Amino acid sequence: MSDLTKAAARHAELVREINHHSRLYYTEDAPQISDHDYDQMMQQLLALELEFPTLQSPESPSQRVGSEPLAEFAQIKHELPMLSLSNGFTDDDIREFDTRLHKEIGLGEATVIEYVAEPKLDGLAVSILYVDGVLEYAATRGDGRVGEDITQNVKTIRSVPLTLPKGAPARLEVRGEVFMRLAGFAELNRVQADNGKKVFVNPRNAAAGSLRQLDSKITADRPLDIFIYSTGVISDSEFAVTHAQTLERLGRLGFPICPLLQVVNDVDGCLEYYHEMGARRPELDYEIDGIVYKVNRLDWQRAAGFIAKAPRWALAHKFPAQEKTTQVNDIDVQVGRTGAITPVARLEPLFVGGVTVSNVTLHNKAEVARLDVRVGDTVIVRRAGDVIPQIVGVNLEARPASAKPYEFPVSCPVCGSDVVTEGDGIIARCSGGLTCGAQVRQGIKHFVSRKAMDIDGMGDKIVDALVEQALVSTVADLYLLSFDQVLALEGFAEKSAQNLLAAIDKSKQTEFARLLYALGIPQVGETTADQLAAHFGTMARLKAAKQEALEALPDIGPVVAKNIVDFFHDPNNLKVISQLQDRGVTYDVVAAPNPDEFAELPLAGEVVVLTGALSAMGRTEAKKRLQALGAKVTGSVSKNTTLVIAGEDAGSKAAKAAELGVRIEGEDYLMRLLA
Ligand SMILES: NC(=O)c1ccc[n+]([C@@H]2O[C@H](COP(=O)([O-])OP(=O)(O)OC[C@H]3O[C@@H](n4cnc5c(N)ncnc54)[C@H](O)[C@@H]3O)[C@@H](O)[C@H]2O)c1
Ligand SMILES: [Zn+2]
């Protein structure tokens, strides 16, 4: 086979695949592969056509925009074609783009091109025509030539003006991106899931699916938004001389324009903007998948002109992918400290959203069932911002015939006890309690952790070894370990064994709040433990507390209160607590434990948040002393907060406080309070 024949075969295969996925994505709003995979196929196609130009035909997806409009919609022919954008991925791609433009426009090397840099919104393009100041129709891009009539749907988007002020051009077509903000997207998916309806893979698909509805009442209920980024046909030939001016004038006519766009000079200006936006991307409340650079001068745009499917004067500089595809090698479950069984997908490792991902939580039994993810499946993995990676979709077409639905275990894989379900079958739990090795191990790891008993040097591997060798079966057993037992563990020498025992010994003298948190009562985190400690003061008082007394505390609801009561009724737990006491674990009683006295304290009723670094003392120390004066000290700012102490480099908490109008003071004020 000649090279050309081979290339032609590969080309035909790519065209088939790309057309298929374009249809799924553009026409049906139901993509089966990630954008990254799609872009790679497109790049391969472009490379083949560059090497073998005879393979390129006007029918090739490299020359065409989008996909054909859906037949159910009336069609609208665009007066000016709606094009796509050429893509760049590296800094060099941007340099080449700028160099090429100099030639195409006929500029000397020394001439600086001014660009408008704009976030590339991840939604779908629409064209809206106004005639004599009134919205006449709106259309999707479709295949670039003919789009779908979505006039009624676009009219439901609140930020789209239905009429324009006087002075608007008699015929004005604007183009922009319809998108969905993240909060709206999350809420929509929650409602969809609650009603047993399809949840959307990402905000782009949710926006596209919501806008391309035959019933505009459905669109009206969806949280859609729009930013306008250009004009199409326009009766006023003197509307503007630069792109920035176009946007400015459109803004004055009442169109929403992305507030983040910026005029920049040269490649360096483009790249600087790109990196700045890349850093801000996780904070934005909508998704952007890159930056678009557009030549600012309209006469230079005209001089540069177009290629088949995109303008020469613009480039989309893509950000690293937040969604990629990979294989599920296995699905297994983890048993947590409280017995909760969490299914986990073991993946063929992939690099996505800036990290390598090989395990992804599937959250719970219901989520596995909803996704119907199976071993051997090809899945779309998404990691956006700081959010933990997630499987958002399964490519059913790539499912091997042998793949079987995942069967959730009926007995605990660690101890063999029955698995019971709670919360309408959503959460599965091992019923083994303290007989379950996994629960014991997780419980001990929690007990020794930094914010709990803080036993320095007691890493996960050591805990695993202690439990495996049956040296420890409850947290109280830690205080019985002998020098010889520790020395015999793998990796220990005399010195290190002494150090570990010293750390265990040191932990015996602790604070009540730490001890409470360390016990691992379900849903009792640090803040709740602090509150309980400050209010009850001693274990004996807390043990005796009734459900109502617990619920009377500000942040404790009925569920947590019941967890606490249940915990102190379990004979195993009571035994462990008395063993801890017998083996020397004690705590200082800091605050006056009597609730009546408590109300008299100078800072009673104050809810304080500490943020930033303090110079005179550590935060733990400051917190203890504030609590001793009756204040409640919490970890996050809310409307209940009465005071924020902002130390050096205070960050988002201070900002939140300012936003909520909460009083903010510096360290000097704290020192006066404590004096
Ligand atoms: N996953 C799949 O199966 C699949 C299939 C087809 C296409 N895709 C994805 O779709 C994209 C290609 O689609 P495309 O042809 O629309 O090209 P594109 O998204 O790369 O660029 C063109 C589009 O960018 C949008 N845009 C956003 N902000 C803009 C701004 N400020 N100025 C101008 N335009 C702006 C417009 O909608 C415009 O039509 C790729 O990201 C590709 O991965 C994915
Ligand atoms: Zn178990």
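Placed from the backbone N, Cα and C atoms, the Cβ positions cover glycine too.
Of all Cβ atoms in the protein chains displayed, 21 besides its own lie within 10 Å of the Cβ of K120 (active site, N6-AMP-lysine intermediate). According to TrEMBL, the feature active site, N6-AMP-lysine intermediate maps to K120.
In three-state terms derived from DSSP, K294 (NAD(+) binding site) belongs to an extended strand segment. Among the features that TrEMBL reports, NAD(+) binding site is placed at D35, H36, D37, Y38, D39, S84, L85, E118, R141, E177, K294, K318.
In the three-state DSSP scheme, C412 (Zn(2+) binding site) is classed as coil. Annotated Zn(2+) binding site per TrEMBL: C412, C415, C436, in sequence order.
Averaged over the domain 'BRCT' (598-675), the predicted model has a pLDDT of 80. Residues annotated as domain 'BRCT' in TrEMBL: 598-675.
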Recorded positions whose CB lies under 6 angstroms from ligand 2, from D39, K120, C412, C415, C436: C412, C415, C436
Helix, strand and coil totals (DSSP H, G, I; E, B; other) for the domain 'BRCT' (598-675): 30 helix, 17 strand, 31 coil
Cα distance (Å, whole number) from L85 (NAD(+) binding site) to C415 (Zn(2+) binding site): 57
Cβ-centroid neighbourhood (8 Å) of the Zn(2+) site, C412, C415, C436 excluded: V335, G339, P413, V414, G416, S417, C430, S431, G432, T435, G437, A438, Q439
Those recorded positions in D35, D39, L85, K120, C412, C415 whose CB falls under 6 A of ligand 1, listed in sequence order: D35, D39, L85, K120
D39 (NAD(+) binding site) versus recorded positions K120, C412, C436 - nearest by Cα: K120
